[in-house]
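Copied over from Swiss-Prot:
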type	residues	note
BINDING	GLY8, ARG9, SER10, GLY11, SER12, GLY13, LYS14, SER15	ATP binding site
BINDING	ASP56, VAL57, ARG58, ASN59	GTP binding site
REGION	266-284	region 'RNA-binding'
Amino acid sequence: MVLMIVSGRSGSGKSVALRALEDMGFYCVDNLPVVLLPELARTLSERQISAAVSIDVRNMPESPEVFEQAMNNLPDAFSPQLLFLDADRNTLIRRYSDTRRLHPLSSKNLSLESAIDEENDLLEPLRSRADLIVDTSEMSVHELAEMLRTRLLGKRERELTMVFESFGFKHGIPIDADYVFDVRFLPNPHWDPKLRPMTGLDKPVAAFLDRHTEVHNFIYQTRSYLELWLPMLETNNRSYLTVAIGCTGGKHRSVYIAEQLADYFRSRGKNVQSRHRTLEKRKS
């Protein structure tokens, strides 16, 4: 059984995530004090029910040791996973402005900007041990729920999921990435007027990139690097490995390379997902 702990900065989508998990059959509890986690897990273990619990800055323990002790006291029947939701500062400010809700730390007479920054510092112990960090800055409510359903229902328990995502540097580097590879030095289909409207998912763009030796070399060396360290990452009790591939706009080169790497590791029997940030943004 899974004990999914949902945390993250206020306004990043914890309530949405908890509702999505409830739809997936999890027994959900909002804002449970950390010290009560073992007791809840023992109660649910008798009923063979997976659980999801949200923890925010209001019920954070005073020291990380309290959280570690609670994790160590969980029944063996439960496999704990920590999901951390985040968004960039400007997005959080905009969301609070749209909803006109008060930030949980506003009672300390802090400005909204200062409350967001302080919350980030207070939640760092949880963020640093998260199994999965999700950046919701560019996601709608429905996109976040669907992404969680895909990632959580599409993976086998305790198996590392490799996530290959493309992005454009001009839109910013994904904060959920474990590895970031820059492919802006590779030949750019953008300068071919016929290829410019297309994406890295289209065959003419793929054929253009496939003609260049340096593209093949990059794919080979990148997958070799990942293959070298993958066994150690798998034995390190990780649930996800997110590899971000970036080009200038996130439309051609990064999309093609991310798909090539995803196809390669998928053919090797790995649990693989792919995502293209710029293309998803264009659809929304």
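Yeah, the Cβs are placed from backbone N, Cα and C, and that goes for glycine too.
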Name them in sequence order: residues not among ASP56, VAL57, ARG58, ASN59 whose Cβ is within 8 Å of the mean position of the Cβ atoms defining the GTP site.
ASN31, ILE55, MET60, PRO104
According to DSSP, does GLY8 (ATP binding site) fall in a helix, a strand, or coil?
strand
Would you please pick out, from the binding-site residues ARG9, LYS14, ARG58, the one with the fewest other Cβ atoms within 10 Å of its Cβ?
ARG58
In whole Å, note down how far the CA of SER12 (ATP binding site) lies from the CA of ARG58 (GTP binding site).
15
Which ones in the same chain are close to SER15 (ATP binding site), with CB under 8 Å and 6+ residues apart in sequence?
ASP30, SER54
Across the region 'RNA-binding' (266-284), what does the mean pLDDT come to, as a whole number?
88
Show, in sequence order, which residues other than GLY8, ARG9, SER10, GLY11, SER12, GLY13, LYS14, SER15 on the same chain lie with their Cβ within 8 Å of the centre of the Cβ atoms of the ATP site.
ASP56, LEU85, ALA87, THR136
Can you count the other CB atoms that lie within 10 A of the CB of SER12 (ATP binding site)?
25
Summary of DSSP states over the region 'RNA-binding' (266-284), given as helix, strand and coil counts:
9 helix, 6 strand, 4 coil
Measuring Cα to Cα, tell me the gap between ASN59 (GTP binding site) and SER10 (ATP binding site) in whole angstrom.
13
Out of GLY11, SER12, GLY13, LYS14, give those binding-site residues positioned within 10 angstroms of VAL57 (GTP binding site), comparing C-alpha atoms, in sequence order.
none
Under a criterion of Cβ-Cβ distance under 8 Å and sequence separation of at least 6, what residues of the same chain contact SER10 (ATP binding site)?
ASP56, VAL57, LEU92, HIS103, PRO104, ILE116, GLU119
